[in-house]
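A.B. asks: From TrEMBL, here are the annotated features:
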type: DOMAIN; residues: 15-105; note: domain 'Ribonuclease PIN'
type: REGION; residues: 112-262; note: region 'Disordered'
type: COMPBIAS; residues: 198-217; note: compositional bias 'Low complexity'
type: BINDING; residues: Cys308, Cys311, Cys323, Cys326; note: Zn(2+) binding site
type: REGION; residues: 399-448; note: region 'Disordered'
Amino acid sequence: MSSDAAAHKPIHSLALDTGPLIKNDPPANTLRAKAEQLYTLPCIISEIRDAATRARVETTLLPFITLRSPNPESVKVIRDFARRTGDLAVLSKPDIDVLALGYELECERNGGDWRLRKTPGQKGLNGKPNKPAEGEKTETETETDKVEETLEKAVDNLTIENPVEQAGESSQSTEAKDTATETVAEPESKDGSSTDVTETATNTTEDAATAETAQAGEKADETIEAVEEASDGDASDDEGGWITPSNLKKHQAADTGATPSAPVQKTLQAAVLTSDYAMQNVALRMNLNLVAPSLARITHLKNWVLRCHGCFKITKEMNKQFCPSCGQPTLNRVSCSTDEHGNFKIHLKKNFQWNNRGNVYSVPKPVHGSANGRLPKNAGGKNGWGNNLILAEDQKEFTRAGEEQRRQRKKDIMDQDYLPDLLTGHRAGGGQKIRVGAGRNVNSKKKH
């Protein structure tokens, strides 16, 4: 009973990352029900710092998980591939080890890396499925041999009684029929009229039979056409059909074009479960089986990156405000996708124009300071809008603003004088990012 249940599990070997274990998504019972064998790294358990979470993992999952470390060769393969995709800088050592473990399981379960890719831009796969040895046979060949043996045994069990006597009797009966026909035909041949009547009757009978046969053939053709039309109608009804709650998702997937063009294998021999975007990108471009927290296979990945509007470089560090390549504050958030063939594509807006608001007025000229730290009245333009402008990432004003922002975020909720922002009316605008430049309007009232 247990072997039958294990055979119907959609995943055989599943490599787990830290994120699903900490978030408990999917739960432990779902993992045990959908995967036959669970694998993770020994250092994953030590990374869980929360005592309650560690106790839950050690109680519900650890007895069913196999702790395993990947080989250095597998780690090297993942490192080289991640370096070519540009994700190596954001991948930690445990992330690379989890991918290397999934790579090892893939090679073990499928007999090599024939269904993977060695480079990100590779169009096809590394090879074809391994053929069985000369002495071995595939399952289909074995089943064919069994069917042939069964048919041979059935034919051998059939017995034919006295085949020679039956053949003699049949030949004697045939000769008797021929003799009777000749004796009946001889008297008729003497009288010419009777011969003509007989021939006329025979021709009439043959014409009637031919007409009946033609009519029967036409009726049969009409019946066959009607049956074929009915079967075609039934097939179209089955394909189109009524939309019911049971097939609603299927019709929605077909309408949106999400139905896969090629049939996906029913049982995944090896898969990786992670919620990290960089790991998902590497696994999908390498063609490792990637599953979501719902344990459904991911074949299309869409996410967001930052693209510089000045130098067109792409960075995956979403907290950046300045381009790492040219240093300008011209980063745009654009969507990107990775398909099942490992092709990385960014999706840009049509006829996009850069917003130049706030650049109408030139930056005020710098003025000298004073010994007491006070600035002149004309410093920084009208209302001092040009003071402490942040125009580059290496400015000391940008560093100070970042430290002040981190200090404000650290609030002791157990403090007696603490009030939530909902009551105080404090709002952090701009996604809590440091304002770069003068803003949209230099004459607007500044928030204090």
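Glycine is no exception: its Cβ is also placed from the backbone N, Cα and C atoms.
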A.B. asks: Let me know how many other Cβ atoms fall within 10 Å of the Cβ of Cys323 (Zn(2+) binding site).
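C.D. replies: Result for Cys323 (Zn(2+) binding site): 22 other Cβ atoms within 10 Å.
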A.B. asks: Enumerate the residues of the same chain, Cys308, Cys311, Cys323, Cys326 excluded, that satisfy the criterion Cβ within 8 A of the mean position of the Cβ atoms of the recorded Zn(2+) site; list them in sequence order.
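C.D. replies: What remains near the Cβ centre is His309, Gly310, Phe312, Lys313, Pro324, Ser325, Gly327, Gln328, Thr330, Leu331.
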A.B. asks: Can you check what DSSP calls Cys323 (Zn(2+) binding site), collapsed to helix, strand or coil?
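C.D. replies: The three-state answer is coil.
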A.B. asks: Across the domain 'Ribonuclease PIN' (15-105), what does the pLDDT come to on average, as a whole number?
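C.D. replies: In the predicted model, the domain 'Ribonuclease PIN' (15-105) has a mean pLDDT of 90.
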A.B. asks: Can you see whether DSSP assigns Cys311 (Zn(2+) binding site) to helix, strand or coil?
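C.D. replies: The residue in question, Cys311 (Zn(2+) binding site), is coil (DSSP, three-state).
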A.B. asks: Cβ atoms within 10 Å, counted per site: which of Cys308, Cys311, Cys326 has the most, among these binding-site residues?
C.D. replies: Cys308
